[in-house]
Amino acid sequence: MRQIMIAVAIAVAVSILLTPALIRLFTKQGFGHQIREDGPPSHHSKRGTPSMGGVAILAGIWAGYFGTHLAGLAFDGEGITASGLLVLGLATSLGGVGFLDDMIKLRRSRNLGLNKTAKTVGQITSAVLFAVLVLQFRNPAGLAPASAELSYVREIATVTLTPALFVLFCVLVVSAWSNAVNFTDGLDGLAAGCMAMVTGAYVLITFWQDHNACVTAPGLGCYNVRDPLDLALIAAATAGACIGFLWWNAAPAKIFMGDTGSLALGGIIAGLSVTSRTEILAVVLGALFVAEITSVVLQILTFRTTGRRVFRMAPFHHHFELVGWAETTVIIRFWLLTAITCGLGVALFYGEWLAAIGA
């Protein structure tokens, strides 16, 4: 628990202190966000707000994770693990794709960055590298950072994926989560606040897995997760970085995270879900993100097949703005929904453990 608290503290400090420096730098360089002309009228006043604040979020995550391990040398903490590095590497790789996208938008002063093909290739490449590596690096107990079996709270033994199918599965998971968070990042503080809650839930889940790991505490209900404590540090550092960034990103936002932040944060959820064996449970924890990307898919499919739109605008947080909800009302209500789904997800996780031990 001490390591988790250190990770949060370092990440909050780095993010909250670095963000205003980025605001000054990007404002001086003229790196202002471009607004869609067909978006809600209230958003036009945000034109010129600095973007690429995801740099501060990623810096906070890196500092929180590695800073905690450096501090751990003083009290014999566990070292850096393959699981932690793979999740961090996935997030950083996707953040790099987002950074290129943001830079093109800012340099060309338009709301369109990388074309769809280039962006998709970047996401797929990141996912494939992650998928190939995450089944390697087995520890002395024979556990790899991930399992080829589909997982809810633990592996579902009846659903085992071949190596090729596992790679395709990871491409789907990584692409879905990175795009889902990207679509959600359309209102001040919405994505950062929701991410803080989802990763906070993952801190609880992975911390519990660490205390009930089959390697150290074999018995009913134990978990075959390779490095649960290190995953808890990644989750804690992410939550802390999002909280620090939210100080400046809350309405009215002084800076946006941009694709640099949203794609990276989607990678965090994807990586944590795969390495903690909770791919299906993650859908409950991040249900708001799932709803956002689903609204986009429904809007596109419905319009192409019927010529009509389900929502006034997608992602559907803009729909609620266009029907008269204030932006802050949408944000707070979506935060509340995320808190509820995170609570439900943690309850399902704990309930499964109780059932496993026969309680």
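Every residue number used here counts from 1 along the chain in the order it is shown.
Using the three backbone atoms N, Cα and C, a Cβ is placed for every residue, glycine included.
Among the features that Swiss-Prot reports, transmembrane segment is placed at 3-23 (among others).
The transmembrane segment annotation in Swiss-Prot covers 55-75 (among others) and rests on sequence analysis. Counting only same-chain residues 6+ beyond the ends of the transmembrane segment (55-75), those with a CB under 8 A from a CB of the stretch are 2-3, 6-8, 10-12, 14-15, 18-19, 22, 84, 88, 91-92, 95, 99, 192, 233-234, 236-238, 240-242, 244-245, 257, 260-261, 264-265, 268.
Annotation comment: Swiss-Prot describes 80-100 (among others) as transmembrane segment.
According to Swiss-Prot, the transmembrane segment annotation covers 117-137 (among others), on the basis of sequence analysis.
Below 8 angstroms of C-beta separation, residues 90, 94, 120, 123-124, 126-128, 130-132, 134-135, 148-150, 266-267, 270, 273-274, 279, 293 of the same chain, each at least six residues beyond the ends of the transmembrane segment (156-176), sit close to that stretch. Sequence annotations record features per position, and here Swiss-Prot assigns transmembrane segment to 156-176 (among others) based on sequence analysis.
Marked as transmembrane segment by Swiss-Prot on the basis of sequence analysis: 187-207 (among others). Cβ atoms under 8 Å from those of the transmembrane segment (187-207) belong to residues 1, 4, 57, 181, 225, 228-229, 231-232, 235-236, 238-239, 242-243, 245-246, 249-253, 257, 261-262, 265, 268-269, 272, 276, 278, 281, 285-286, 288-289, 317, 321, 327, 330-331, 334-335, 338-339, 342-343, 345-346, 349 of the same chain, restricted to positions at least 6 beyond its ends.
Feature annotation from Swiss-Prot assigns transmembrane segment to 231-251 (among others). When Cβ-Cβ distances below 8 Å are used as the criterion, the transmembrane segment (231-251) is approached by residues 3-5, 7-17, 19-20, 23, 53, 56-65, 68-69, 83-84, 87-88, 187-189, 192-193, 195-196, 199-200, 202-203, 206-207, 209-210, 225, 257, 261, 265, 268, 271-272, 275-276, 327-328, 331 of the same chain, each at least six residues removed from its ends.
Feature annotation from Swiss-Prot assigns transmembrane segment to 255-275 (among others).
Positions annotated as transmembrane segment by Swiss-Prot: 280-300 (among others). Same-chain neighbours of the transmembrane segment (280-300): 150-153, 176-177, 179-181, 183-184, 194, 198, 201-202, 205, 266, 269, 272-273, 309-311, 314-317, 319, 334, 337-338, 341-342, 344-346, 348-349, counting only residues six or more beyond its ends whose CB sits under 8 Å from a CB of the stretch.
Marked as transmembrane segment by Swiss-Prot on the basis of sequence analysis: 334-354 (among others).
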Among the ranges 117-137, 255-275, 334-354, the one whose Cβ pairs under 8 Å to the transmembrane segment (80-100) are most numerous: 255-275
Non-local residues, at least 6 beyond the ends, that sit with Cβ under 8 Å of the transmembrane segment (117-137): 82, 86, 89-90, 93-94, 96-97, 100-101, 144-146, 148, 163, 166-167, 169-171, 173-175, 178-179, 263, 267, 270-271, 274-275
